[in-house]
């Protein structure tokens with residue numbers, strides 16, 4: 001890699017940061033590519049400086065250190081002192097590196113196109129296209145100087161978002177730009193500790209966990225607040241200030257990505273949907289960022305997307321991480337095979353991605369590099385907690401959330417009655433603080449008297465709720481089946497006081513009737529007067545129709561074990577009715593009102609069917 005230079009060094013730098021997935025011996029060797037490459041000759045360095053700045057070295061600097069502070073893929077950095085006494089660092093581009101990198105990009109593009117033709121499931125064209133667009137920008141240090149100024153200004157600016165100010169959470173240092181040309185960059189010198197110098201970090205008492213958290217906050221701000229972020233956060237591009245509180249020093253803004261407002265919001269929505277486990281919002285985020293899938297598999301999409309935001313691990317867990325990722329890949333491949341009805345050979349050649357947005361490539365790279373950074377420092381970082389306020393600030397700050405800011409918070413549809421008019425007035429009074437989104441529909445005597453929708457589809461989904469919006473809902477069968485039971489009572493086909501077992505004979509098993517008869521016999525033996533009131537006691541203890549309706553049948557946990565053993569059994573109507581009939585009450589009917597979370601629909605449904 002050192003001999004080949006160019007993109008090979010870039011690739012090695014990336015691999016050197018992945019302590020979360022690569023064995024330690026590889027990391028130890030590859031990390032020299034971050035800033036410890038063999039230096040270029042001093043004659044070459046001085047020649048480039050004099051050519052770019054148009055003056056001899058003695059007129060430019062009072063002192064100039066012969067040995068470089070660091071040497072990386074594109075340039076090397078020397079410490080120097082200006083004639084006015086300011087201490088600076090001078091970044092000098094390697095002679096001929098531009099031609100090498102451009103040729104590498106051209107060759108990589110050809111290779112990837114050939115691979116995509118031969119093996120369609122390995123189509124990395126979006127990735128190389130993004131690199132071909134962004135990588136050449138690193139070769140113009142005027143571009144890097146402007147990037148550095150912009151990021152520094154952004155991170156020091158107080159920004160108000162949907163969840164308040166979040167910029168105060170960013171506490172980093174960025175060197176001031178002194179001068180720049182295409183191949184020379186002169187910056188303010190900042191004395192700091194390198195991240196791989198663990199002995200010095202320990203000696204100065206640097207809190208490594210806090211350090212990585214601050215760096216992560218800085219990147220969250222750049223991505224979600226500014227939409228302008230450094231795409232190369234490998235350890236060689238950071239220092240730690242030696243003075244407490246040991247702030248991170250951010251370096252090298254050559255590879256800096258700018259994303260549109262819509263992409264910024266889509267990335268924020270993707271992050272927050274993973275945090276919330278909201279598959280609908282995730283697929284919406286995919287669509288907004290231009291990610292198109294050839295197959296509808298929300299659960300697998302959520303699992304894959306969540307990989308990027310999972311809690312970081314230490315370097316010692318690299319082997320377990322690889323194993324876990326492989327196991328997940330195999331599960332997803334199996335699910336894809338079953339979904340698409342493919343054989344093992346076909347599934348290996350099937351690419352589920354139809355279109356991938358190039359703008360997301362650098363974003364994903366940053367997340368992986370940050371994960372590798374925390375692993376290399378052996379600290380655990382909960383990215384969901386750190387980055388969430390920034391993502392929320394962006395997304396919620398761009399959503400019109402309530403009636404105070406949006407006159408169309410209630411969906412514009414006809415008012416069907418006076419009661420609906422009152423309902424809408426009440427909704428406006430309650431406001432978005434209490435209501436995220438809702439649909440209300442009511443009938444009276446066969447006519448619609450209320451059909452109102454308001455709010456947004458989700459906390460992170462700004463689309464308005466409409467009367468025909470679909471929601472994933474639970475327990476809707478309770479309302480349907482309960483309504484049917486009441487209708488049967490209205491029609492004289494049922495009575496609330498009737499014993500369920502008299503209507504549904506199979507139901508009268510497993511102590512739902514007999515346990516009460518046994519108690520009655522005991523009472524009869526002790527007191528002959530009770531015998532005269534036998535019918536009343538039997539009716540009192542039996543499960544009645546009204547017990548089912550008001551959740552007092554004692555069968556609140558019925559079917560729970562069945563569903564745990566075989567979740568798909570809920571699709572078998574007859575099997576579930578049979579299990580309900582065999583169930584045993586946990587409390588006496590009528591004695592305790594406990595929500596029948598799972599059994600209610602089948603209890604009423606079995607009664608209706610009979």
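Using the three backbone atoms N, Cα and C, a Cβ is placed for every residue, glycine included.
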Quiz prompt | Feature region 'Disordered' in TrEMBL, mapped to one of the ranges 96-119, 120-143, 144-167 | solution = 144-167
Exercise. Please find, within the list 315-346, 347-378, 379-410, 411-442, the residue stretch that TrEMBL describes as coiled coil.
Key: 315-346
Quiz prompt | Helix, strand and coil totals (DSSP H, G, I; E, B; other) for the domain 'Beta-lactamase-related' (543-609) | solution = 36 helix, 1 strand, 30 coil
Quiz prompt | Intrachain neighbours beyond the coiled coil (315-346), with Cβ under 8 angstroms and 6 or more residues off its ends | solution = 19-24, 27, 295, 297, 299-300, 303-304, 307, 352, 375-376, 378
